[in-house]
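To keep things clear, I will list the structure first and then write my remarks on it.
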């Protein structure tokens, strides 16, 4: 209690008369309820910089309880680490700091909070420092126990806090311009409200996330550092995507959750923009950038040029290496932190990120068997295991007896490719074997210099050897099966890294894959083609997205059909779409009936001059007419209401998605349908908070585990 007394001795005793800034009506409160002191319940918060302003955010109830248990365990807090936020952040209890686990992020301060005051510009409450909160709590305890109020304290920042009674506690800021000679702060200015305990402030505290993780999804961003109209990073956007998924699991997979069949799906972001722009290319670009319209040019260099970087062999190699190595690194770290994880892995890409993943998946190899056995080798990122070993190469050349010589000299394939004839002679290799080895590695060096097959020339002559397993796309002339080439031919000098796991599903959001394949000179996709290591592929887009393109017309170029319409997460179609279809059907019915009536009138008019034939022919015509009139409207309906009719028969779109449909289109909102151009940019960035998109992802993921929605959407 000495700290309380020292604080109170520094200040004059308060006058029993009410201060001019306090309201006497607040003091006339029944004190019987406050005669017994109960300790305050602490809650843990962390500080985030949002819009250049500190914002204190509460941990969810489960994490706060874990932190409080670790704090009150009696053990030394130094070096104590508590995982929070589903294992995505670690709290170092002794430092009172919170660190991101899977990505780079500034560390944030953590506090054990009991007392709060209202901030300046908003209604959010700010927690006092832990030491001063303890002083406030001790003062409050004395006031309640002794029933002596009007306690006045001064904070380390020379702010005045007055505890008038349990229901009225205020905070005064120090007066600007006061001298530094120890003058006592006065009660001036507008008082701020002070609250004790998190239950007395308006703040949303979530319950927490299920501990069980059923599936892991890596999310790769598109161009630029910002991923939505609020200029937020991929980490923040994926946080929204994850939050929407947790809400939908509670509403659409309620039975499976009650039966403890499912936990949750973990979504982790993959950032490749920062490593790309840390290569020094920004400095080089700045030297050649014009000084005019500076902001627009900076936006172009930081965002739009990412597309050109990906088409550059040099920077494309950096991008694919970064994406693959990051996914491998995060996957390895995730397994270390979740040793009981038995679920699968899927990947998702937005915009250019989907094209990066498409090229990486296309260039994977599945010839060495199960990749799951390589979980213990997380550092192997490059596609080195797909090429023969030195021993296998020598065996192919019938020179196995020289392997021991190279092994003794510690010469591997890379070193042998650099050896000259003199080097081999010094190692004791005869002339004939030397020539065979040098010729073999010289040939391989030429072919491996261009890792992927190059595009077929205009004359139709293939300029490289095409592996059988990469038969994928046809060239522009489209003659024969030998014309099927690999997708990755757009990056002729790129060596694609190998993933250390097999993705189950690939989700593409607002993807330009179809456009890039076409620009690379590929007109169609072999219906029998599928990713070497990935079973599923869903191309999800908004109808007004200016960057999105379809995939299915490249598989079935001769057939016109609509994409699959993604159901609304609340069931059925959106009301304006149903209204539009209803009006279309009604107008078609009116049109058909009107045409039928006019046709009958015209025929009766032309037959009026043949009264002798009216009795016989009219009966025949009237019997035949309903058939023709009934056939004609059905033909028109089939053409003009294609969405309702054409999706009924099964459409074979190849094996790229295991025989299922590939293109899935979202339903636009009613306000978006008024002006497509006005909402074009927003449509490209809508996927992070789209319940329909998230629900489709969850539905397809859990279907692989035999778990389905509570009620199938229509």
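Including glycine, each Cβ sits where the backbone N, Cα and C put it.
Model, not experiment: these values are computed from the prediction.
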**Request:** Identify the region 'Disordered' range according to TrEMBL, selecting from 1-22, 23-44.
**Result:** 1-22
**Asked** Under TrEMBL, which of the candidate ranges 615-641, 642-668, 669-695 is annotated region 'Disordered'?
**Response** 615-641
**Request:** Let me know the model's mean pLDDT on the domain 'DDHD' (499-703).
**Result:** 74
**Asked** Counting each residue once, how many in the domain 'WWE' (30-112) are helix, strand and coil under DSSP?
**Response** 17 helix, 31 strand, 35 coil
